[in-house]
């Protein structure tokens, strides 16, 4: 006790700050001086953002952080404070509508989160208290409680496994809801724990909560009467995570160590960085232009007002004398209030409702991806998933695709092909004539008919049977297809129904490969591994230690003890990690086979072993146990011990496992390249294996010249690696960049034989050298050369990549000149970093768990679905939203320009042209629904043609439809139509008698006629642009026009008691009683749309498009309409393609 106090004072023990102490069952331990229970958070999960009390202030604060909303709030406040020409309602109501719709959407989403939280927090659980099982709500669990969980229940918090109903003290768990891995993981109870948990007195020291699902460091002190306390190490194998499910185990007891928001599941769900699309940047740029137009208009009108009033008699005419207060007002203050009044009058040029429409378009549009039946995969009974609807249009702008190899380009469905033992090749043939199942084919000529010794063969097969973490699944239990690989007719009837459960398909393939040659793994019971050899004898091995696989070491080992007392270490791993640890003369015999198998596209693993003497094992055992008990730097200490134990091994042989290509992988890659995208393959696999996959996927062609920048090419006796790297980069740059002929924009592969195609290959070690060169080298120059070479290559292969390096490459390309849009696609946990780094992250619902899916923006079942996602959905989403944005600015310019022109004819008196109701309803009701329907349903080119002709994707590349040229076109169109509306109606009013009774129209009639022409023109403009008509389009377009007419009659036909002055009383009906007004309305609508109609009718289709159209129609079936749009793509929002009518 004195020593412990001194340690605490002097800091001799490991630091307590980074750890927590938990007393099992809240029972104090014998040697604690004073038991003060620690305070930890309760087990409530809170994923919601708001509460009832803070919803309003918090939500309003978040919404007014948006520049457009804040701007309209300022305008509204100006209208309230300053005497402005329009009512505060005109800007207040649209703002209120926008804020309310967004608040309702966000409130509803948060209510769903509250509901889900309540369901989890109120879930009934069983807790042991004073020898009794007590039912409690999940949120009332405290750290230190002993919790009972039965089969198929999920764990309510993070638990240390104390007791299991299984005899061997293990339990099976699935973590599908955490990382998506549906395979069964084995967890172990802590040794030396008494059966009666009520008498258990122990304390757990463990690390503070952290989000890594696969890391846990702790130790448990177990106190027994009149005995020294026993200390046991705790690792991830003892920790049961909240959200995981208990399987194939009737009941377990565990002590809670992390609860509520400190559980690993809760820590993992906190925050993914928000990605923003390039379209939003364009919107902001256009907003600044329109804001400057608004300010210019206000400045011009204010200046002209005071110029006009400076003339004699204009400032104070006899009929409008100033009051004393007006005379006393400061001149500059009056000018400023006039400026604000003009700002308020013209502020509708900034479209506040566009933000809501864009949000709704993105949210509703994302459902079309999830509803697409082509994305449904019958094998896993799932379709596509959208995690982020903000990036739909970004799918149509991708320039670089970064893809993983294993599980993405390939199926991750492993099949054992052959093995090499002691330099001899063994390929299995399923024929009855063979006695032992071994055949030698295609070996070295001088060894063709020879075999490795019987002992070597058996040693190799034992290594395959023992060096793994596979579990045997007995028959009769329900297991998913992709978890279990059944065993065919090599076993007796009960055994042939046995299946295997493993965390990796490689392991099952190797165990099944050993079975083909007569060695069968029977399972692990109480640390005892049983295998059946070729003589059908059962061999038993005591499992002493498992040295787990990790991506850095790229190998795993087991230490086992035979019946005769021998201690053996078996190790398997990548050739790069095994070869340096064995004798060089053994490597030469195996290397040739490994390289040949890799060239053929097989995944290879090397197998080695080592016999440990009693002294060696004692040292290894002590070192491993001490490292596992460490609370600080446990990972580093274990790594050092693993490396120490795995030295001086003997190489036995190697295995070759085939991982087949994904369905339609080659066609998909070819389509992406045809669409102008550069494809980079980023993999941790060997160069030869990855290279053969690239050839199979048609990323590299036969004529492609490969530029290799790997450890092998950097070997030079005269130059060091850094000098050689610089020399090679310069050489490749001259070849691929300087000497290459100029390539047309968007064309990735030169199909003619005149130009040479280049492929680039780099490995992880060289990339590290390139990213972090010696101090005297220029890192930016290296990166610049590297990027320029890669940009001129048709495909790039990066092999032997660590997960972080994948993200580094994506980041480097993303931040390169031009800021190209990047897309990353992968299926495993090692792809998460690059998926999060890219502009668009796509997860594949593969066999390596669902971490990639959980962190992605979009998830698809198979790689082949990427083609439609980008070429069809991405293309259409981009065109729709680009049209939506341009159309919104255009219709608001048409709306406000006549108001501006009107000031020149009313003495700059800030007199509004339109009624307040029209100002308020224009963007909310009269013109909002048609563009929303268009932006959800438009197909300017049919999906079949988009998929068939990948080159169409290039036409919208580089944000083509939201550049300044199309923006200028829409702006000029808006100005032309605004001038037409105003001066056309003014021409009508040059005739003083427009009615039969000789009465003249007033200013509100003038504004109403202008507004009517405006609403009909902008709506019919959208109808002209629509290429894909559905009943919804018809309903909203004609319905909006009908609603406007109905509203105008209704608003002007009743005396409203809440209005001080009713400007439009019977104005609309009165206007329509004039034949001249009817005629002018119709003529002005036709004249305004005439340029549009003439361009469509007169311009001929472009040759490239007409040929492509004929070809596409002949392939698709000729169902498309023969009409084609004639305006260039940059001027219109649709291409000169088909006009499909539904």
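Cβ from N, Cα, C; glycine included.
According to TrEMBL, the protein has these features:
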DOMAIN    38-91  domain 'P-type ATPase N-terminal'
TRANSMEM  64-82  transmembrane segment
DOMAIN    123-187  domain 'P-type ATPase A'
TRANSMEM  285-308  transmembrane segment
TRANSMEM  339-358  transmembrane segment
BINDING   404, 405, 406, 507, 549, 572, 603, 683, 684, 685, 800, 806, 830, 831  ATP binding site
ACT_SITE  404  active site, 4-aspartylphosphate intermediate
BINDING   404, 406, 827, 831  Mg(2+) binding site
DOMAIN    853-1099  domain 'P-type ATPase C-terminal'
TRANSMEM  967-989  transmembrane segment
TRANSMEM  1004-1024  transmembrane segment
TRANSMEM  1036-1059  transmembrane segment
TRANSMEM  1065-1098  transmembrane segment
REGION    1105-1125  region 'Disordered'
COMPBIAS  1109-1125  compositional bias 'Low complexity'
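Projection of TrEMBL feature records onto the structure.
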residue : record              : CB count, 10 Å
404     : ATP binding site    : 29
406     : ATP binding site    : 27
549     : ATP binding site    : 18
603     : ATP binding site    : 22
684     : ATP binding site    : 22
800     : ATP binding site    : 22
827     : Mg(2+) binding site : 31
830     : ATP binding site    : 23
831     : Mg(2+) binding site : 33
For the transmembrane segment (1004-1024), find every same-chain residue at least 6 residues outside the stretch whose CB is under 8 Å from a CB in it, and list them. 887, 890-891, 894-895, 898, 902, 912-915, 918, 922, 926-927, 930-931, 934, 977, 981-982, 984-986, 988-989, 1037, 1040-1041, 1044, 1048, 1063-1064, 1067-1068, 1070-1071, 1077, 1080-1081, 1084-1085, 1088-1089, 1092-1093, 1096
Using only the Cα atoms of 404, 405, 406, 507, 549, 572, 603, 683, 684, 685, 800, 806, 830, 831, which the record gives as binding ATP, return the largest interatomic distance in Å, rounded to a whole number. 25
Rounded Cα separation (Å) that holds between residue 549 (ATP binding site) and residue 831 (Mg(2+) binding site): 18
For a three-state summary based on DSSP, what are the helix, strand and coil counts in the domain 'P-type ATPase A' (123-187)? 7 helix, 38 strand, 20 coil
With DSSP as the reference, give the number of residues of the domain 'P-type ATPase N-terminal' (38-91) in helix, strand and coil. 28 helix, 0 strand, 26 coil
Other same-chain positions with a Cβ less than 8 Å from the transmembrane segment (967-989) and lying at least 6 residues past its termini are 286, 289, 886-887, 889-891, 893-894, 896-898, 901-902, 905, 1001, 1006, 1009-1010, 1013-1014, 1017, 1076-1077, 1080, 1083-1084, 1087-1088, 1091, 1130-1131
Length of the line joining the Cα atoms of residue 831 (Mg(2+) binding site) and residue 406 (ATP binding site), in Å: 11
Roughly how many angstrom lie between the C-alpha atoms of residue 800 (ATP binding site) and residue 827 (Mg(2+) binding site)? 17
Those binding-site residues, out of 404, 406, 603, 684, that come within 10 angstroms of residue 827 (Mg(2+) binding site) at the Cα: 404, 406
Over the span of the domain 'P-type ATPase N-terminal' (38-91), how high is the average pLDDT in this prediction? 80
